[in-house]
Amino acid sequence: MNKEQLEKMKNGKGFIAALDQSGGSTPKALKEYGVNEDQYSNEDEMFQLVHDMRTRVVTSPSFSPDKILGAILFEQTMDREVEGKYTADYLADKGVVPFLKVDKGLAEEQNGVQLMKPIDNLDSLLDRANERHIFGTKMRSNILELNEQGIKDVVEQQFEVAKQIIAKGLVPIIEPEVNINAKDKAEIEKVLKAELKKGLDSLNADQLVMLKLTIPTEANLYKDLAEHPNVVRIVVLSGGYSREKANELLKDNAELIASFSRALASDLRAGQSKEEFDKALGDAVESIYDASVNKN
C-alpha cells in the first residue's frame, strides 16, 4: 500500500470523483453527455467514446489534485491509456489516488435488498489492479427496504469480500447504498450503522477500509464510524439527488466528503468547446469541494 496515497485519503481536503459507470450504465452516461446510441455500432466503440469522455475529464485543468483526492475507475478504463500512460499511473502522477470498481452488478432483490452478484474473477482482477498501481477498490450493494436480515446480509457480504481485497494489499470502499426514496430511510440507516460497526469491530488493527454511504437523513449519524480506527474515510454518493441538493445535505455532515458521479458530470457535453467544458467541470468541482470541506 502506498503510504503517501493513504495519508492523502485519510487527511486530504477534497473529494473523490466517481468515473466508474460500467457496461450497463454507459449508454445512459453517454446520452447525458450528448452522445446518442446511433453514434456507435458496438460495445468497443461505445467504450472508446466513454474513455474519450473520461480522458477529457481527467486531463482538464479543472480536474485538480488540490480539490480531487481520488478517482474511481471502471475495469475497462484501468486497462486503457491517457496521454500514453495507463489511466491509474496518469492519475497518480497528477496526484489523484486511483480506485477500481470491482463488483459485477446487483443480484435480484431479496429481503428488501440487492446483494452483489458473485465476483468470480476477484483474485485475478486484484492482481491486475496491483500491476496497474491501483490503491483501492469499490463495490456496491443496494438497500431498498427496512429488513434487518437483508441489511445484515448486505454488510456481511461486503466485509467478507473486503477482507479478500485487504489481503491483496488494497483498500476497499464498502458501498451499501440506501435508496433515497426508501420509506423508512432514517430507520434503515440506524440498522445499517449498527451492522457496519459490528463489521468494523471484526477487523484486525491493520485491516483498513473506506465506506461509501447515502447521505443520512439524520445529520452526523455516521460521525463515530468516521472516527473508527479501521476507517480511512467515509465518502457519500449523490444517489439521485441533484448536485445542489446533495451538496446542501453534505454540508450538514461534518466528517463526510463526496464521491459523486452523475452530480459531477451532469453539466458536461460532448459539443462543448474546451473553455466551456473546463468551466462546467470547474464549477462542479468547486461546488462539490466546497460541500466536502466547508461545513455548516
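Just so you know, glycine gets a Cβ as well, placed from its N, Cα and C.
What Swiss-Prot lists as active site, proton acceptor is GLU175, and the listing cites sequence analysis. Secondary structure at GLU175 (active site, proton acceptor), as computed by DSSP, is strand. Of all Cβ atoms in the protein chains displayed, 25 besides its own lie within 10 Å of the Cβ of GLU175 (active site, proton acceptor).
What Swiss-Prot lists as active site, schiff-base intermediate with dihydroxyacetone-P is LYS212, and the listing cites sequence analysis. DSSP classifies LYS212 (active site, schiff-base intermediate with dihydroxyacetone-P) as strand under the three-state reduction. Cβ neighbours within 10 Å of LYS212 (active site, schiff-base intermediate with dihydroxyacetone-P), excluding its own Cβ and spanning all shown chains: 22.
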Distance between LYS212 (active site, schiff-base intermediate with dihydroxyacetone-P) and GLU175 (active site, proton acceptor) at the Cα atoms, whole Å?
5
